[in-house]
Structure formats: C-alpha cells, structure tokens
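Peer 1: Not my notes, these are from TrEMBL:
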- B:28-47: transmembrane segment (TRANSMEM)
- B:127-363: domain 'ABC transmembrane type-2' (DOMAIN)
- B:174-193: transmembrane segment (TRANSMEM)
- B:218-239: transmembrane segment (TRANSMEM)
- B:251-275: transmembrane segment (TRANSMEM)
- B:287-309: transmembrane segment (TRANSMEM)
- B:342-360: transmembrane segment (TRANSMEM)
C-alpha cells in the first residue's frame, strides 16, 4: 500500500446499450498489488466495467489505461498481462483440466507445466477430470488457475464466490490472498460485504453506473459510524457463519 | 519484454483441443463413422452376392449325373439335397424354392438321363433364369461330341471392371459423412462455445478470431479426412471397393473430401448463427442435410428420379461431390477431369460463406 503505483486508471467511463446507460462516467484508480473490490447490486454496471477494462467490451466514451497501455490502442498488449475470470464462463467441452490448461497456454503463447498450475489451486488430483465434473468451489479454483497461466500483473475475478458454501468461500479467500502476496494485483466483484471487508484493501461502491463511495473498508465503516449510524441489533461476538464453520469444520471439502 | 506472440501456436493449440474434443464426442463419431459404415455394411453384404436360385433336389434323385454337377458349376444356384418332398412342395408354393429338380437315369440308355423340373408361379422370373441355364447346360452336354451343323456361336466377353453396389454406395456414404460432420459438428460446436461463453473467455486471451475459426476448421477437416480414409479403407479391403489408381485415387478422394467438408462447414456456420437455441440446431441442420441425403444420389442414381425432381438434385452441392467421388474412384478420373463438379462446389462455397459472414455471431 505504501507506494501507491497506479496500475489501472479509469476516467469518465461511459457505456450505453441502446437507450440503457449501464455506466455513467466512472472514475477510479487501482493501485499495484492491492485487492480492489467493485461492490454493488446486480445491474449496477460492475461486470460491464470489468469487461471494458478486460478489452472484452467496447466502451462508449472515456479513457482506460492498464499498466500504461490504452485499451483503445493496445488491447492485445493488455490481454497479455491480465488474467480474466468471467462470471459463469464455460470451458471447451470434452477436455480434462490438463488439456484445458495446455489449450490456454497455447492461447497465451506461453509454456507452463499444467500440473504446477493445478498445484497452485490445489487441484492436482483432479488433473484428469472434466471441468463439468468439478464441484462449484473446484470450478472457481480452476478458473483462477487459467487466469494465472500467463503470469499476469493483474487478475480480474467476477463474483468468484457466488454460490459456494462457507468452507469453499474461505478456501478461495486464502487462494486470492496468496496470489496477491506473489505480487499480483486483484480486481474482484462480489455481493458479499463480509468478503469485501475481509479481502479487499479498497472497495468502490457502484450504483446505477456511478461510483458512490470509494475507500478502504475500515474507513467506510468509520465514516458511517461517525455519521451517527448504529446497528439495530446488538452485535454478538460471533455470527451464524461462525457457528456453521464451527459445527461443520474448517477444512475444505472436495464435494 | 516477452517473446512475440505466435498466432500459429495459438491456432494449433486450438486445433489440438478441438480435435481431442471431437474424438470424444459420441455424436461426431456416430454421424461421421458409425452411420456410414452401417450403410456400407448393409449394402456391401446385400449387393455382393448377386442373384442366386434356390433349387431343391428331389429325394431319390440320381446323384452321379452330369446335370447337377454342371448346374453347381455355374455358381448361380444353391441346391438343397436333403429336404423331404412335403417341405419342398410347401416351400415351392411360398416361393422359398424357385424350382424342384429330379434327375432319373434312363434304363433304356439314350438319352442317359431325364431331368424333370417343376417351377413355381411364386417365383416365375427366377424360374425363367433357370430355364435358360438348363437349356444351355443340356445343349452343351448333348453337343459335347458333335460338330454343329448350322452355326457355332463364338462369344467373347470384353473384360470390364465389375461395378459393384459398393462402388456406388461408398462415395455416397462418404459424402453423407462429410455433410453431417461439416454441418452438425460445426453448428453445434460454435453454438455451444458461444452459449457457454467459451469464446468470450478466449477473447480475453490475445488469440485472433481467425485463429479460432481456422483452428476449429483444421480439427474438423482432420477428423473428417480420418473418417473418410477409414471408410475408404474398410470399403476397399472388406468389400472390394474399386480404387483404380490405388493410393493416388485415395489422395484425390481426400482432396475432394477436404473441399466438401469446407463447403459443408459453411452451412454449419450459418446454422450456428441463426439457431436461437440448442434444440433448434437439429431441425435447421436437417433441413439442409436431409434433402441432400435423399436427393444427391447417396443411395440411388439421380437418373432414377422423376424428371421434375432431377433439376433440384442437380442444384445440390452433395450431388457434385458424390459425382466427382465416383468418377475419381471408379473411372479413375483425375482432379482435372472433375473440374466441373469442383467448380460448382466452389460456387456453393463462395455463396454459403458470404451468407455465413452475415449471419455468424461471436457473442
């Protein structure tokens, strides 16, 4: 956090679909090696914003610079330094995980050892399995493995923990924290505030295509309390999720 | 900073992945290999034998006679020697036997034997064949020691190539195999890659669109050619499918097959673009493949169709592929000799890809 090198800068980003304004003048910066969270309700424009930065979608106007490359001029240079996990993306049918990783290393033009990639996300024993046969958490971890193939500077994770059970979610948090500690910048979207609070260094709240707040989770909470907000219910020292984890065990289950 | 990105490598990686996927897809294997092979098997066994006459030999016939021996030598009859008369008569009525023959030795010496034949109205046409066979045999046997008084017929036969059923059926089945792998395979793969966001994930990598199409094309053409080669070799070695110039003929056929599958893939791209859901792909694909399957001379020669139907047949690309394949395989034509057929396929190719470019959707 100390150096605050800007790795992504988004200025006045606008995206219109016909007559629907999905993104209306977004401005934010992502710093190198932080976990940056985009939060907001469904349809707020999070995914659209992400996909524009990922060069998958054309913007209507504005400027996006990723690691010094403009998305207008150098989309291919950007593709080579980012890893992308799409919400609900599928993989080539009938191939096992090793073969899928071989395919992606060909697509990225790098040579990697597929088993090492699987080891990074703890899926070695699923090497010969088909993607479809994986559990929800395993699918997400495999998706993350494909984002790491080109040793990217930034990875984008779009709702990686949606639909996972608490153990799988925590397991994924560990993985994401781990990836960040290797020097990778992480941009993540989520609906879970506990997740954002645990994981993200800074979060931006997006609502109707605009950013309505951007700061560290701590600071945002402090600001709210300073404004006189108080929870209706007294906060206990544990919540129901703690109970769940306590009863069903901490360790990650394969299925 | 990094090694330059290789589009060739990306294309080949895609081709490899796609090929693996096709080989593991049951529908691809069934349509490309199993169906055509089943048809070839059926027609191969049906067509191989030619006409055979079923003849019962009456119990108590003299076995040491030259008539039966000569009959068996013709290779045109199947003689049952140990059936009882009751059964024989029943089967004659049903037409299961084409005739009953009994041969008796003549106790008076000349002629040495009487040959009695009982035909059945249930099988008149085969009875007539038997009649002429018997006439010829008896003429030959009777004139063995005689000089003809009026004329001697000296017949020779030009030794031509035997045109078997397989020579007609196999190219048709090959065409069908290429058509279905081209249309169904391409349509399903691109539709599902698009629907499951596989292509979108590809676009997040530096791969070019052309690499995706070409990689997929290489895999599908490779698979189709492998299937074609398999069908040709099975046909050749098990059913005596005629390959006039051997390996050269096979090579020419594979060139035609490549051209065919590229054209048919164009239809597949169009289908994948206009299909609204996975379940609309088979009906749309069938609208394209079924008429060609029936009208393009896959099973019957187009000449056998009523004259009003023939122009429709002659408009379909598979007709020309089948035609060219048969000319190359059986008549030994070179590729230049089938340029007319290839030109029409090329025109179809240009037309269909023009439509495909308009209708194809990436997302």
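One is the number of the first residue shown, and numbering goes on along the chain from there.
Heads up, the Cβ atoms here are built off N, Cα and C, so glycines get one too.
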Peer 1: With Cβ distances under 8 Å as the criterion, find the stretch in B:28-47, B:218-239, B:251-275, B:287-309, B:342-360 that has the most pairs with the transmembrane segment (B:174-193).
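Peer 2: The listed stretch sharing the most Cβ pairs with the transmembrane segment (B:174-193) is B:251-275.
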Peer 1: Do any residues, 6 or more residues outside the transmembrane segment (B:28-47), come within under 8 Å Cβ-to-Cβ of it, and if so which ones?
Peer 2: 22, 164-166, 169-170, 173-174, 176-177, 180-181, 184-185, 223-224, 227, 230-231, 234-235, 238-239
Peer 1: Residues of the same chain, at least six outside the transmembrane segment (B:287-309), with any C-beta under 8 angstroms of its C-beta?
Peer 2: 168-169, 172-173, 175-176, 179-180, 183-184, 267, 271, 316-319, 321-323
